[in-house]
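**Q** Quick one: this structure, given as structure tokens, is what I'll be asking you about.
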Amino acid sequence: MEALKKIAGVTAAQYVTDGMTIGLGTGSTAYYFVEEIGRRVKQEGLQVVGVTTSSVTSKQAEGLGIPLKSIDDIDSIDLTVDGADEVDKDFNGIKGGGAALLMEKIVATPTKEYIWVVDASKMVEHLGAFKLPVEVVQYGADRLFRVFEKAGYKPSFRMKGDSRLVTDMQNYIIDLDLGCIKDPVAFGHLLDGTVGVVEHGLFNGMVDKVIVASKDGVTVLEAPKAS
């Protein structure tokens, strides 16, 4: 499995060329993309500027010598490569297993070409078997938890050891065990309109390419362009 993740990450790095501003994703597959960019910067003299999606990725990129800028200092990003926890046939996805969903979505938004790198196990018929992360402000989080519970979403607070995980943005994450999300777009809108929810892990209609690594090789899936 780790070998497949590496193949997907390295394949995505081939889309990066000199002079690009690139979004550097978070997670076990995006890790290999960042490593390959670091190698190319060092060995090939690749000239890029990175924008990171988490403190973990910032630390990795700095260690590799990749020049970085804040999201606040750029207007657009040429290419962002990130992982995904699930991807359905309509190119909707669940992200946030690494607790970086808010920063990931902020970086994805001004991106001209958004690529996900996954192994074949992440491709699903319907989203929802992977718990949907919902980032919430700390104030009122327990009340919101009860609202989700009453709605039948089977919520659980993301934990780190014995205490609630706190994201880079100082929020909590409530994971929803939904089983199957029949209409990801409608459910995304529902969460968008829920007071106290900062962001959720449904990335609907955002991705341009999905690079899928399997034992049979690498497949690049292109999302249909919006008319």
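Cβ atoms here come from the backbone N, Cα and C positions, even for glycine.
What you see is a predicted model, and the numbers here were worked out from it, not measured in a lab.
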**Q** Per Swiss-Prot, which one of K122, K150, K154 shares the substrate site with T26, G27, S28, T29, D82, G83, A84, D85, K95, G96, G97, G98?
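**A** For substrate, Swiss-Prot names T26, G27, S28, T29, D82, G83, A84, D85, K95, G96, G97, G98; of K122, K150, K154, the listed one is K122.
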**Q** Please name the residue among the binding-site residues K95, K122 whose C-beta has the most neighbouring C-beta atoms within 10 angstroms.
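**A** It comes out as K95.
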**Q** Please list, in sequence order, the residues in the chain of S28 (substrate binding site) that are at least six apart in sequence and whose C-beta is under 8 Å away from its C-beta.
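**A** Sequence-distant Cβ neighbours: E2, K5, G83, G98.
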**Q** Using the alpha carbons only, what distance in Å do you get between T26 (substrate binding site) and E104 (active site, proton acceptor) once rounded?
**A** 8
**Q** Report the same-chain neighbours of D82 (substrate binding site): residues 6+ apart in sequence with Cβ closer than 8 Å to its Cβ, ordered by sequence.
**A** G23, G25, T26, G27, A30, T53, K95, E104, A108, Y114, I115, W116, V117
**Q** Using the Cβ centroid of T26, G27, S28, T29, D82, G83, A84, D85, K95, G96, G97, G98, K122 as the reference point for the substrate site, which residues of the same chain not in that list have Cβ within 8 Å?
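**A** Other same-chain residues near the substrate site: G25, A30.
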